[in-house]
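**Student:** My structure is below; once you've seen it, I'll send some questions.
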């Protein structure tokens with residue numbers, strides 16, 4: 001009896017051990033099955049955790065983006081760190097761009113400056129010699145500091161007064177071009193008619209400013225594309241400013257209002273010509289195909305945006321031709337607002353003046369001759385404005401209008 005009881009206890013212990021062994025075996029294989037998933041999670045999150053840790057522990061190096069000074073003048077530049085460094089650090093100023101062959105003829109600056117230990121800032125002096133531009137990137141041998149894209153652009157100009165004048169000129173042409181869209185909208189509303197306003201011009205202008213808005217918004221508001229631009233042009237600056245974005249979106253809105261007016265008001269049977277339709281089809285097909293190419297990563301998104309700027313340039317070259325030809329055929333400019341032309345002419349002239357003033361002040365004539373597209377298109381628009389003014393004031397002046405005088409009876 002006792003032996004039987006012992007035997008039963010031994011069997012229970014054996015079963016318990018076996019059960020625990022099987023359970024451990026199952027947990028072992030479950031753990032083994034989870035290893036690939038755990039490995040993938042570590043591969044995904046470990047770099048991110050390390051990046052966060054480095055960004056939290058690293059010390060950033062900061063400097064002014066641009067330093068502007070006149071010839072024969074000096075300026076004190078301050079370089080700062082987000083926190084004090086633990087040891088003395090040499091900060092090297094590496095020149096990556098100079099508008100002249102020898103950068104020292106533009107500005108005198110040190111090759112390196114010493115940031116003392118337990119400090120968070122250091123100053124150095126630069127002296128402007130001759131007009132021009134120099135770009136430097138800052139680098140250090142201190143692993144505490146993160147300075148992969150810290151740069152300073154030194155801009156030496158002839159005169160600060162001329163610089164202010166150029167800025168004022170810039171605001172004048174910006175306002176003139178922005179306001180130039182309203183006279184045509186007012187003319188259409190006053191007449192309750194769009195007869196005399198060419199529909200090819202409307203369609204081309206709407207497409208052109210849509211493309212221009214896409215380019216400006218993408219390069220100004222999308223950080224990924226802006227980063228692409230800076231990587232491709234490390235010594236350049238973003239060509240799109242807030243003014244450009246506002247102007248393009250504002251122009252697009254007014255062009256859309258023109259189209260709505262054309263749909264509502266009397267239009268005299270006008271339609272968009274087949275020539276304009278074919279040109280628009282070519283432009284939009286090009287944009288659509290380029291989109292698929294960009295999605296397939298055969299071109300960068302920055303290149304894709306530049307394609308929209310090319311569409312805008314092409315539209316600007318041809319959009320005035322239909323309106324000028326229509327005025328010639330009708331021997332009249334009625335329905336085509338001369339206020340639009342005068343303001344556009346004013347903006348174009350002041351735009352060219354600003355380019356010339358900036359080129360002289362910075363001694364960089366490539367702003368004019370190095371970008372023949374922009375300068376040429378400005379001249380092209382001004383030339384067409386002259387054509388329209390000649391048509392309106394010289395060739396097709398409206399004849400005097402007579403009013404019927406009621407007959408007078410003799411008493």
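Each Cβ is built from the backbone N, Cα and C atoms, and glycine gets one as well.
Pasting the relevant annotations from TrEMBL:
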TRANSMEM  161-182  transmembrane segment
TRANSMEM  202-225  transmembrane segment
TRANSMEM  245-265  transmembrane segment
TRANSMEM  277-295  transmembrane segment
TRANSMEM  341-357  transmembrane segment
TRANSMEM  377-396  transmembrane segment
**Student:** Mind pulling out the one from 202-225, 245-265, 277-295, 341-357, 377-396 with the most Cβ pairs under 8 angstroms to the transmembrane segment (161-182)?
**Tutor:** 341-357
**Student:** So which of 202-225, 245-265, 341-357, 377-396 has the most C-beta pairs under 8 Å when paired with the transmembrane segment (277-295)?
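**Tutor:** The stretch I would name here is 202-225.
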**Student:** Which stretch from 202-225, 245-265, 341-357 shares the most C-beta pairs under 8 Å with the transmembrane segment (377-396)?
**Tutor:** 341-357
**Student:** Would you mind listing the long-range same-chain contacts of the transmembrane segment (245-265), meaning Cβ under 8 Å and 6+ residues beyond its ends?
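**Tutor:** Sequence-distant neighbours of the transmembrane segment (245-265): 174, 177-178, 181-182, 184-185, 188-189, 191-194, 197, 199, 202, 205-206, 209-210, 212-213, 215-217, 220-221.
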